[in-house]
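See below for the structure under consideration.
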Amino acid sequence: QGTRDHAPAQTALRDRLLSAVVACFKRHGAAAIDTPVLELRETLMGKYGEDTKLIYELQDQGGELLALRYDLTVPFARYLAMNKVTNMKRYHVAKVYRRDNPATTRGRYREFYQCDFDIAGRFDPMIPDAECLKIVHEILSDLQLGDFVIKVNDRRILNGVFAVCGVPESKFIPACSTVDKLDKVPWEEVRSEMVGEKGLSPEAADRIGEYVQLHGGLDLIERLLQDPKLSQNKLAKEGLGDMKLLFEYLTLFGITGKISFDLSLARGLDYYTGVIFEAVLLHQENEHVEEPVSVGSVAGGGRYDGLVGMFDPKGRKVPCVGVSIGIERIFSILEQRLEASGEKLRTTETQVLVATPQKHLLAARLKLISELWDAGIKAEMLYKKDPKLLKQLQYCEDTGIPLAAIVGEQELADGVVKLRDVATREEVRM
């Protein structure tokens with residue numbers, strides 16, 4: 001089916017991952033919002049370029065054509081327009097659905113979580129964009145996934161490149177989605193798709209090739225600003241000016257070591273209007289695994305200033321920039337690392353097991369565990385009237401519960417509880 005069940009250990013790992021990501025979003029002052037899984041079909045159609053075919057559509061529901069959400073960005077734009085919100089910093093963690101050919105080993109599913117962070121509103125150029133890149137850098141550094149690079153580009157620079165290379169405007173978006181394949185296939189294949197399928201002239205394709213294979217930093221931005229053709233193009237000049245500003249802010253954040261200005265980055269979605277970015281893991285630092293997980297992009301995003309206006313009856317625009325963290329792909333990597341290391345993951349947060357050493361003490365256990373629960377302490381007991389003490393302590397070891405609260409006849413007589421540290425076997429009476 002291209003979806004998967006998660007065992008308790010996997011769920012615990014994903015929860016740990018999600019809470020690390022959400023902690024970062026909250027640190028940056030974002031508020032959580034939630035939107036429905038179902039959207040009107042017309043809300044989603046025509047927003048995703050070639051990927052529109054991957055939307056799950058539903059049968060007519062009594063006069064309404066509905067679809068499952070494909071991402072969290074389009075519903076967010078619809079939410080802003082409907083509620084006339086012009087300024088917001090939000091995060092959203094939820095499942096999205098794609099009628100894709102799944103590749104579960106690479107973390108590609110038909111149902112999966114997305115973790116989005118977005119800043120909506122009119123602000124000075126590139127300050128929110130720089131913060132989005134800082135967030136990606138923070139999350140990937142916190143999760144210690146190994147070496148990564150965050151590629152950045154700008155749709156305006158790409159469109160400028162297409163214009164000066166002689167591509168008609170009607171073919172910008174198809175050319176864009178072809179260029180986007182450069183990280184997966186060599187230039188020759190991309191070139192032949194441009195000419196054969198997208199109808200570009202071989203000369204235009206060759207000229208595009210001279211630009212889209214460039215990548216670097218501030219030096220490359222300066223060089224392109226001096227480029228005789230590109231510097232004459234209004235869009236490209238704007239994009240390059242903003243890119244220079246972005247790199248200045250990223251330098252102040254101290255993260256340019258992981259940032260690459262990459263002209264091959266196109267991101268296939270129709271709604272991007274400015275800066276676009278994508279984070280890629282470079283390799284797996286893992287000797288135990290014979291074949292490293294190939295997961296490709298683990299985060300991506302960009303600026304989409306025109307999307308909210310599509311849903312506003314008066315066409316009012318709300319500039320937005322955002323990023324999505326590919327949590328399932330990161331999960332695939334961490335899961336494989338965990339298996340390789342043989343480390344056991346705790347599947348519950350239970351702090352203490354209430355145990356009894358003799359028979360006929362179920363009442364004492366129930367009274368004590370009730371007190372613990374009422375005091376907000378995470379506690380468990382075995383669902384047997386008279387379990388053996390060894391079995392109870394073994395359960396603590398198997399599940400990683402650190403403490404056992406033991407009440408026997410002697411403890412009841414003395415009005416105490418014996419607290420046992422399961423790992424060290426030390427005991428104290430309280």
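The backbone N, Cα and C atoms fix where each Cβ goes, and this holds for glycine too.
Taken from TrEMBL as is:
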BINDING   Asp71, Leu72, Thr73, Arg98, Gln114, Asp118, Arg267, Tyr271, Tyr272  L-histidine binding site
DOMAIN    1-357  domain 'Aminoacyl-transfer RNA synthetases class-II family profile'
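Of all Cβ atoms in the protein chains displayed, 26 besides its own lie within 10 Å of the Cβ of Thr73 (L-histidine binding site). The average pLDDT for the domain 'Aminoacyl-transfer RNA synthetases class-II family profile' (1-357) in the predicted structure is 89. Within 10 Å of the C-beta of Gln114 (L-histidine binding site) there are 19 other C-beta atoms, taking all protein chains into account.
Sequence-distant contacts (6 or more apart, same chain, Cβ under 8 Å) of Asp71 (L-histidine binding site) comprise Tyr48, Val96, Gln114, Asp116, Ser324.
Tyr272 (L-histidine binding site): 25 other CB atoms within 10 A of its CB, across all protein chains.
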